[in-house]
Amino acid sequence: MIDKRSPYQEGSLWYYAPNKGAPIAFAILFTLSGIMHGYQCFKYKSWKVTGLLPWSALLFTAGFVMRTIGAFGHWDNLGVFISSTVFLLAGPPVYEGANFFTLGRILYYIPYHSPMHPGRVFTTFIAMGIVIEIITANGASLVANTSNPQNTQNTGKALLKAALILQLALMVGFVALATKFYYNCHSAGVLNTKVKKALYVLYCSCALITIRTIYRTVEYFTAASLNTTNIDDMSPILKDEWFFWVFETVIMFLNTTLLNVFHPMRWLPRSNRIYLATDGVTEVEGPGYEDRRPFLLTLFDPFDIVGMVTKTGKKEKFWEVDHQPSTSV
């Protein structure tokens, strides 16, 4: 029998014999991070904004628990392999979803420089994120189930590649929106320290998730072109476990730790009715930023292009009306 530390392990669905200690360690670390995220949601009263963060960590914990089971002799257990794969692929898009909520709250804080209605950040990006999550889960289950016919596995690979490319495109669009908002605020002189810090954390988180997504994209494009008759020529990214631990696990743990240490709600108001006055100093409680259009219209036209063309449905600029100051920044 080949030594367990050898890259190749006969009968292993992972190709190699999975490391035993690392999944245990990261299951514990992600559990602790998830507990901390839950505590921070209570502390900052931010379940509506950052409530996805504990669930993201929970998905990674579940994935590493299943990988631990697989590492201890269950290399050929298909159910364990599929469960581990699906949980670990599902975690990052949920962290991404938490970032969508956070940007929405930032836009509520300075609504007059928001490129789109703050509430539509959720409905637009989360809706697309859910679609990507569904594609990812279906693709992962088809690929991981090695008992499926080859054409079914190829369909799964195609779904995974499409999902990963869509995830990259979604991240580019999201960062472009945040950057446009940053530029608007900077040009108007209202980009205070609190908003800067929250946006910088968001940028760093997006960068980490993007690194991980690029790794997964390369991995699955490599797997799709794999010649199964000659595994000796297999790319190192598929047969060397350290790629997974560095570019998936460590990167995503840095992301969850970043959001623990620099929780964005430290710098943002608890209510989306609190906004920064145009003087860039005073925080004011207003009526809130409403969108009275039908829900489906807000979903498919988040930038209100129809309203701009027809010059209808103009919203009251409540920030130009005197309201009771809440506090000073």
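Counting starts with 1 at the first residue shown.
Glycine is no exception: its Cβ is also placed from the backbone N, Cα and C atoms.
According to TrEMBL, the features are:
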type: TRANSMEM; residues: 20-39; note: transmembrane segment
type: TRANSMEM; residues: 51-72; note: transmembrane segment
type: TRANSMEM; residues: 78-98; note: transmembrane segment
type: TRANSMEM; residues: 119-138; note: transmembrane segment
type: TRANSMEM; residues: 158-177; note: transmembrane segment
type: TRANSMEM; residues: 198-215; note: transmembrane segment
type: TRANSMEM; residues: 242-262; note: transmembrane segment
Residues from the same chain, set at least six apart from the ends of the transmembrane segment (198-215), whose C-beta lies under 8 A from its own: 92, 95-96, 99, 102-103, 106, 164, 167-168, 171, 174-175, 178, 181-182, 237, 243, 247-248, 251-252, 254-255, 258-259, 262, 264, 267-268
Recorded stretch that, among 20-39, 51-72, 78-98, 119-138, 158-177, has the most CB pairs under 8 Å to the transmembrane segment (242-262): 20-39
Distant-in-sequence neighbours of the transmembrane segment (158-177), which means Cβ under 8 A and at least six residues beyond its ends: 89, 92-93, 96, 99-100, 103, 115-116, 121, 125, 128-129, 131-132, 135-136, 138-140, 142-143, 203, 206, 209-210, 213-214, 216-217, 220-221, 224
Long-range Cβ neighbours of the transmembrane segment (51-72) (under 8 Å; 6 or more residues past either end): 13-14, 17-20, 23-24, 26-27, 30-31, 33-35, 37-38, 40-41, 80-81, 83-88, 90-92, 94-95, 97-98, 101, 252, 256, 259
